[in-house]
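K.L.:
The structure under discussion is supplied below as structure tokens; questions concerning it will follow.
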Amino acid sequence: MKSCVAWEWPVRKGVTGVKSGGRGKMAAAGGSVLYRVADTLGASEAALRLILSIFLGYPLALFQRYFLFKKEPSHIHLFNTVTGLGIAYFNFGSQLYHSILCVVLNFLILRLMGRTVTAVFTSFCFQMGYLLGGYYYTATDNYDIKWTMPHCVLTLKLIGLTFDYYDGGKNKESLTEEQKRYFILGVPSLVEVCGFSYYYGGFLVGPQFSMCSYQKLVRGELTDVEGQRPNSIGPAMNRLCLGLFFLVIYTVIGPHLPDNYFLSDEYANQPFWYRCVYMTIWGKVTLYKYVTCWLVTEGVCILSGLGYNGKDENGQAQWDACANMKVWLYETTPLFTGTITSFNINTNAWVARYIFKRLRFLGSKAISQSAALFFLAIWHGLHSGYLVCFSLEFLIVTVERQTMDLIKASPLNVILSMPLLKPVLYMVQQCFHWLFMGYPLVPFCLFTWDKWLKVYLSVYFIGHVIFLLLLFALPYLRRVLVPRKDKLQKSQ
């Protein structure tokens, strides 16, 4: 399952449709330093605040590892709470009360309702209802950097906390192996819930992590050398440098591929092949802003120790517990499922753990997957573009899996496995792959039906036509290409 984090890496004004919020307007009137710097860079002040806040995680992680490692847990909780609230105020001013309200109420739900289904249901409905209400009252036709941006991350974190707390009260034999890794036995205190919620490395844009992992971080257990600070500076700097590499690519190329160009007469008057090529390259480059964001924040988590994921079979420390990207797989896979597997990993894992697998009682994998994708769509926002994007994802993944199964079971597998054909097929598959990764990304970035419909009309709904035709044609192709078992038995 795929999810795109609900924010936009800002570039030049007028390119991505990012607006300055209320803070930006006040700063413009006052002539603040940040506003002048942002104006010089060609970005909004809100965008500059966001970027600075993400990179601020590195000095904060260094402070925590050198001055708070193995210290009193309450001091660490307080440090994470104060720094997280400071980041929230720096970006959103007094609107930080939205997150405070939801954190405190979720704590009260845990304390007053205990480890019950009622607590889980109440937390899920309240947190999602509050988020959707925020989307409704703050929505515009463009992407604005506002308090709902980090709140969607917080919503998943608090719902997951309630599920894990509920699992801690169940019989261990009834839990799955995965649930046993995340359940919470003790009753978390208010300062502990606040520290978990406002941890500076994951407050703004993620990644998702469990209370269990956070408690291990506070106790100093997430280290490759027991009792000592983790040797995580090198791995953290590697992810930071890789994130900066993708940031440079996006900063250089991104301004030449604006979202608004899709809506221009110039785009509509271009040849059909040009429109498709633009969509392909635009989709690839647009996703680099998410890649950049997740790599940079992953480095913060690694530096503080939260990224530690045990040791492999060779005894080498692994630092991918907070990885949201498998960069090599993302860049080389020719498959849609490969891109989804490598992209926004922690959010995908959260949805799989708390939505998809919890719906197992429905007895249908397709229904569970549809429900999970619908949840992801409304979690991103109330615009129709999100629903179109994730419904297309479901269609594309379904068709790809059926196609791969057909090829493996038919004589085509022998032909397509020929060494001479592999490089050519790989290039063709990659072009097809990235065209139809960009295709569902159009409504995701343009939001409203009048915008994405105009773009889809300009390319004749090529994605819908191809994948719907394949969906209906594949069963007939299987009958022709794949020999039936009874015929094989007769021939033998």
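Just so you know, glycine gets a Cβ as well, placed from its N, Cα and C.
Automated prediction, rather than curation, is the source of TrEMBL annotations.
Pasting the feature list from TrEMBL:
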- 46-67: transmembrane segment (TRANSMEM)
- 87-110: transmembrane segment (TRANSMEM)
- 117-136: transmembrane segment (TRANSMEM)
- 182-201: transmembrane segment (TRANSMEM)
- 236-253: transmembrane segment (TRANSMEM)
- 385-403: transmembrane segment (TRANSMEM)
- 424-449: transmembrane segment (TRANSMEM)
- 455-477: transmembrane segment (TRANSMEM)
K.L.:
Excluding the flanking five residues on each side, which residues at least 6 beyond the ends of the transmembrane segment (236-253) place their CB within less than 8 Å of a CB in that stretch?
P.N.:
9, 11, 58, 61, 285, 288-289, 291-296, 298-300, 302-303, 307, 319, 327
K.L.:
Of the listed stretches 46-67, 87-110, 385-403, 455-477, which one has the most C-beta pairs under 8 A with the transmembrane segment (182-201)?
P.N.:
87-110
K.L.:
Any residues 6+ beyond the ends of the transmembrane segment (385-403) with a Cβ under 8 Å from its own?
P.N.:
1-2, 335-337, 340, 369-370, 373-374, 376-378, 436, 439-449, 451-452, 463-464, 467-468, 470-471, 474
